[in-house]
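First the structure, in the form of structure tokens, and then the observations on it.
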């Protein structure tokens, strides 16, 4: 331990390894107590001294004042340990009043409310009695038979009082034993034989067949086994002694007006003591039984109120009502409870807060600290220095000197502050960049100055934001602040690895202006320059302008293959003086050429330049470069004179034409609707589409008009702001000078009359009123969603907090194949973006040259990504946190690159928390951003066709095509896909072609870029005939299963299928269209089945009974819902739904096997049967029940693959896991979650989502227990099961079989191995009850548990400290052996009995050697 003392590391928090919790026995309560309390008196009302024998008795709890007894006889430290013979008080420190407990001996036992009422009731489960019966015994005076002796009554039977008296008369006084109240329950519990119950339940479990009964038995069996294993006795759930909290934890404080403020607990204790004493006196008087029973009930209620007042059914006892007294449970749970208020978050000394202002002249690592603030914060440091230099003799005089602000004080303050970093924090701290360290610079004034480039990390602006300052005191804290938290060390964002110190707003505008080029300049006016000094001179003399075109002699540098021996050559290039000015601040590196900036730089280019500089030149160069870039940006933004002018909003001349065209088309749709050619929802969809197109066209023309470079005004200011990415966007410009477009109602529906005006023209009253919808919804949403998003972050942090990097390599070869992400035909995320920073799971070869590109277990960095890109690979297998085999955490290689530093992650990094923050932080950002577009509908035109994005060869998969009467090829397959292959045959793109689409290419045909491959109607789902024949209606009965729906506005009737189940005669109908030949025989389709087309509710029939149809004709249409706008408002609930692993409301059914679809002949109540017939006839078909009227997306005879959807809707993640396994689940969840974030333009690395998923997949369900003690259907930790199975195999017994299960993040947080962590999260009383009767141990592995008990967290520096601690406990031989062989034999660490966690291989500099 000496080694630990070096670090000041031994304290009470370090002196234990785990925390255990169990039910307190009466003996242990008495042992903890220093005396029994029988009196309710607190303090004397005249002397204000505490009363002896009362609730604050000094004899029991210790002296009120340090080293002073009550009567004042002994008053010095020298009498410590003496017990005063006069007043009986021990002379000691008054601190013991925070530790010493008392107790109350109860005259009659009472039930502990947690074990009685916390569901499932533990007492009820052990006795196998419903809660209602137990309550009737405890509160209503019913009797329970304990021992029937010689009567026909049965043991445990509950009888009313009258029945009890009747039985006494019938059988005699002592012929049976029946009791009431808590004594009865206690007696029953004492007489339980848990081992016998356990054996009986196990035999019963084997014989039972009913699922409900099984679940009930398993529940009870778990509780019984937990009791047996924990060593708790059942009768301890009934209290005979109540402990009393130490008095300083329930203090009596006198207020200013002399009235005492009493803690609520004292009120509860007084009630209990009063009722207990009264009951004791009553019992001596031998009164009628009813009085005793009433008094006992009141005592029971008083004890209930002390432990948990919310569990009582009284109205007056609801929290928040007048007269409500806080119970012990209330003190623990909720945001204001002990866990969350005092243990996980504490107020901090040495801190201050103030408003922030911008500090453009600061360096990146500095912040401006007001002198007044610094003086107060560093006061103790200044005092000690003043004394040390002998300026003042005492601290008191030093304080006086500081108060008077003498000149010496300022000098010393400068010295103290020098290289002493301070922490700045802005609430809400959504990710770790919300707290960063800076070197303070003293400034006048009262506001903190903040560097502009760190604003995006803090999400700060200067409209009145406040920030808090904290001072790291100890040397270690200062060291950590400087090395880990300094703003210069946090250049990259931990969520996506892109720079977060990027210029924005004015800086971008300045750089954009600096790199512009004058388009109107003629070739004759172009000047030649050979040196930068000449360019500066010409600028000074106004011979050239910043944006003028010039010819310049640029020196280039050539490197040989190894990158050494540079050779120089010159080249004349066309550029501008502005770009040359920018080039002067660039660091020199072979990968940073002038071509990078010889273009107009927008925010996107600037970001990639900062990224390049970081990757090539390192951190310090990047910091310097960013600072210079910022000053340049500010300088030229102010010189440019760009401002927002009314004339800059140019309204395109074509606007009226576009609006007229759209109006004409909409009139056409109205006519079609009147003629009954289209339905109401189709017309609505088409109108919305038309206006969307019109708005886009106007916006396009506006951008064309606005981006023209004219001689007079040069470039348009507003265009420059939007184009550079400094402020505003194309959609905002569209609203300013194009057309505001369609608005959304609060419900998400789109109002079909658009706002034709823009803000430049001004809106009319009607338009203004329409646009208020969206604006208000935006503001209301913001308020609601912020809370939702914050709660999501809290749950994510809680589920992932114990995921830490514990070793370098877990040696696994598992991983996932990664492909690029394609959405709607376009590649939205390229392969190289996804695999960058991951580790290859297997060797990666070039398919053509067979050259080894990446070795297995090697990090894929930028250079390797480039190789993979050149090789044209479309999939790479990489390691993933989900497949990592490390125990108690993950390994560095499965995680890959730490995105914030761009290198392999260090051991001890808390990757779980980083993942949670990365996923949660944008949620809050986005929810706060809903109203930025002012509620305009963000919906694009629905995709209705597929266009080739590259020259390629088309290959059709699962295609079943028929030709219609016009010769068009119609897709008849539900799973038709088109794959585009490049010249080598690598798959470049894969698309689904919907059923009913018109196909324009053949299998194997070459398609050119922009060629149309297929098109379809996005608003209806058709049902199409496969052969030519005559239509016959079956079970389509007017008024039952089909209605003529008359459209009031058009007078035309459509035949619509209605819900036939609602009708009496409709019970056995199966509405369908049948295709027959001329002889009336049903036609057989190509798959050998009859041509029956089943029709769902809501479908519109396109054909009459007896009508002749051609192959490829649409016979019915199912209108799709009109699409609502999707912003993160719809998106955040979706993310929450996925992380909570909830079943979607109307989830699609997933096929469990490969096979052919067959519709069941009978209808089953309100369900419809679908059979999947396996290819192998020996296997039995699988049956699915689909709700009637739901549209199945498969036809009879279709071949479906395992995991295909059989009907519309989102699939259930649990089904995907069960049918297709972990990899498919991971792919589904990642793509769904990323889709929501991508919609908002937020980039999150997949590995963060994978880590959360890993935490959600930690439990398995046992379906065959083998020889283990597990029960069928039980959910157990996967690591534990693997461990048990290994030991079973060693003993030659059969192991348990299990399947992984997916838990939502809340469930997973509550089911964690640490009860301390779970209790501090949610449902505190429930978690503690569960933990207590199971006698749980908490080994303090996670971060949260350690914060709560006051230790260093086992991550980062704490990870190393833990290792040192374990090493210090080794004996000398082991210790030296560990260090001797550490680098020679890595296996020693693997099999380390002391469980040090595994180490880095030799040569990695992340380990500090002590």
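Heads up, the Cβ atoms here are built off N, Cα and C, so glycines get one too.
A quick note: this is a predicted structure, and the numbers were derived from the prediction, not measured.
Straight from Swiss-Prot, the features:
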| type | residues | note |
| --- | --- | --- |
| BINDING | 69, 71, 84, 87 | Zn(2+) 1 binding site |
| BINDING | 461, 463, 465 | Mg(2+) binding site |
| BINDING | 810, 884, 891, 894 | Zn(2+) 2 binding site |
> Relative to the mean position of the Cβ atoms of 461, 463, 465, the recorded Mg(2+) site, which additional same-chain residues have Cβ within 8 Å?
Replying inline: 356, 460, 462, 464
> Nearest to residue 810 (Zn(2+) 2 binding site) by Cα distance: which of the binding-site residues 87, 463, 465 is it?
Replying inline: 465
>> Roughly how many Å lie between the Cα atoms of residue 894 (Zn(2+) 2 binding site) and residue 465 (Mg(2+) binding site), rounded to a whole value?
In response: 40
> Compared by Cα position, which of the binding-site residues 69, 71, 84, 884, 891 is the closest one to residue 463 (Mg(2+) binding site)?
Replying inline: 891
>> Can you check which residue among the binding-site residues 461, 463, 465 has the largest number of Cβ atoms within 10 Å of its own?
In response: 465
> Where the distance is taken from Cα to Cα, which of the binding-site residues 71, 84, 884 turns out closest to residue 461 (Mg(2+) binding site)?
Replying inline: 884
> Closest to residue 465 (Mg(2+) binding site): which of the binding-site residues 69, 71, 84, 884, 891, going by Cα position?
Replying inline: 891
>> Name the residue among the binding-site residues 69, 71, 884 whose Cβ has the smallest number of other Cβ atoms within 10 Å.
In response: 71
>> If you compare CA-to-CA distances from residue 884 (Zn(2+) 2 binding site) to each of the binding-site residues 69, 71, 84, 87, which comes out shortest?
In response: 69
> Among the binding-site residues 84, 810, 891, which residue has the largest number of other Cβ atoms within 10 Å of its own Cβ?
Replying inline: 891
> Of all the binding-site residues here, 87, 894, which one's CB has the most other CB atoms within 10 A?
Replying inline: 894
>> On the three-state reduction of DSSP, what should I expect for residue 894 (Zn(2+) 2 binding site)?
In response: helix
>> Measuring Cα to Cα, how far is residue 87 (Zn(2+) 1 binding site) from residue 891 (Zn(2+) 2 binding site) in Å?
In response: 64
>> If I take the alpha carbons of residue 69 (Zn(2+) 1 binding site) and residue 891 (Zn(2+) 2 binding site), what is the distance between them in whole Å?
In response: 59
>> In the three-state scheme derived from DSSP, which category covers residue 463 (Mg(2+) binding site)?
In response: coil
>> Around the Zn(2+) 1 site formed by 69, 71, 84, 87, list the extra residues of the same chain whose Cβ is within 8 Å of the site's Cβ centroid.
In response: 70, 72, 73, 74, 86, 88, 89
> What's the CA to CA span in angstrom from residue 84 (Zn(2+) 1 binding site) over to residue 891 (Zn(2+) 2 binding site)?
Replying inline: 62
> Could you state the CA-to-CA distance between residue 71 (Zn(2+) 1 binding site) and residue 891 (Zn(2+) 2 binding site) to the nearest Å?
Replying inline: 65
> Given the Zn(2+) 2 site residues 810, 884, 891, 894, which other residues of that chain have a Cβ within 8 Å of the mean position of their Cβ atoms, reported in sequence order?
Replying inline: 807, 809, 812, 879, 881, 883, 885, 886, 890, 892, 893, 895
